[in-house]
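Taken straight from TrEMBL:
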type	residues	note
DOMAIN	109-298	domain 'ABC transmembrane type-1'
TRANSMEM	44-63	transmembrane segment
TRANSMEM	111-135	transmembrane segment
TRANSMEM	147-166	transmembrane segment
TRANSMEM	172-190	transmembrane segment
TRANSMEM	230-255	transmembrane segment
TRANSMEM	275-301	transmembrane segment
Amino acid sequence: MTDDQTGVDAELARDSHINPDSLFAAETAAELSPVPAKRRRRNLFFWAAVVWVAVIFLAALFADLLPLPPYAEAIGPPRVGPFQQFGHGMILGTDPFGRSNLSRVVYGARVSMIIGVVAAAVGLLVGGAVGLLSGYLKGWTDRTSSFVVDTLLAFPPLVMLLTITAVLQPKVSTILIGLSILVIPTFVRLERAAAMSWSERPFVLAARSYGTKDFRIAVRHILPNSVLTLITYVPTVISAMIVAEGSLSFLGLGLPSPTPSWGGMIAEGKSSLRLAPSVVFVPAAVVFLTVLSFNLIGEYVRARFDKRTKR
């Protein structure tokens, strides 16, 4: 027997006698690796965000059925802090006019959700349609839509919103028009880029070679594949619209009092910030948690979508 064969036999003998304790330790280390722990933590944050958004949606939807005091009437002394009294609608305290913070937060959620969801939906539908036509047809259609989009993006967003709300009467429809105009160009650019990418795929080129009409190709082949890119962006847009509506209300160009909105509550409480910080912190905390939740949901959906596209 040669020395080389002896060395090989010795190595095989060593490999055949694996220590069970070391094998168990390796398996345990693999199970407890930081990647699964990170994934579990991300899932936990995602479901916590989903629960919070669901609570806000349900509260906004069924606000009239909840046992809440009228949001426009005083129910106690002004500037009562949270959890100081537990009477009817007093758990979150009162605003500078003695009105229930709980009632105004719940009814303000209705305003914020309507504006955020509707503006995002309008941007998705209109911007997606324009971007699809622009990215697939190209030519003068693409040049025209790109010029309009670049023109809209050239205006400072806050200046445009202030102009629209100052010229028109401050109401929900006015705010929706302004925010929709702001968000449509973003969806146009996203869908345009996606449509251009998908329009050069082999199955699209094959459909063209068979004489399939452009409309059918765009709707049946390109749109189902490119729309996922837009959907993953919707939660982030909703959170941005909530912040924009709150900014308008804080500047005094939102819905007029006593109609509640989260930004309006912050604006009404800023003069009492030193005496009673809770009149500002309560609506600000609700805005923060809602915007954070939508961003977490959007980040989770984008991560799942990216993983799917890599496969």
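The backbone N, Cα and C atoms fix where each Cβ goes, and this holds for glycine too.
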Stretch-level contact, the transmembrane segment (147-166) and the transmembrane segment (111-135), CB cutoff 8 A, at least 3 pairs: no
Annotated stretches the transmembrane segment (230-255) and the transmembrane segment (111-135) touching (3 or more Cβ pairs under 8 Å): yes
Same-chain residues near the transmembrane segment (172-190), Cβ under 8 Å, at least 6 residues beyond its ends: 111, 114-115, 118-120, 122-124, 126-128, 130-131, 134, 145, 149, 152-153, 157, 160-161, 164-165, 229-230, 233, 237, 240-241, 244-245, 248, 254-255
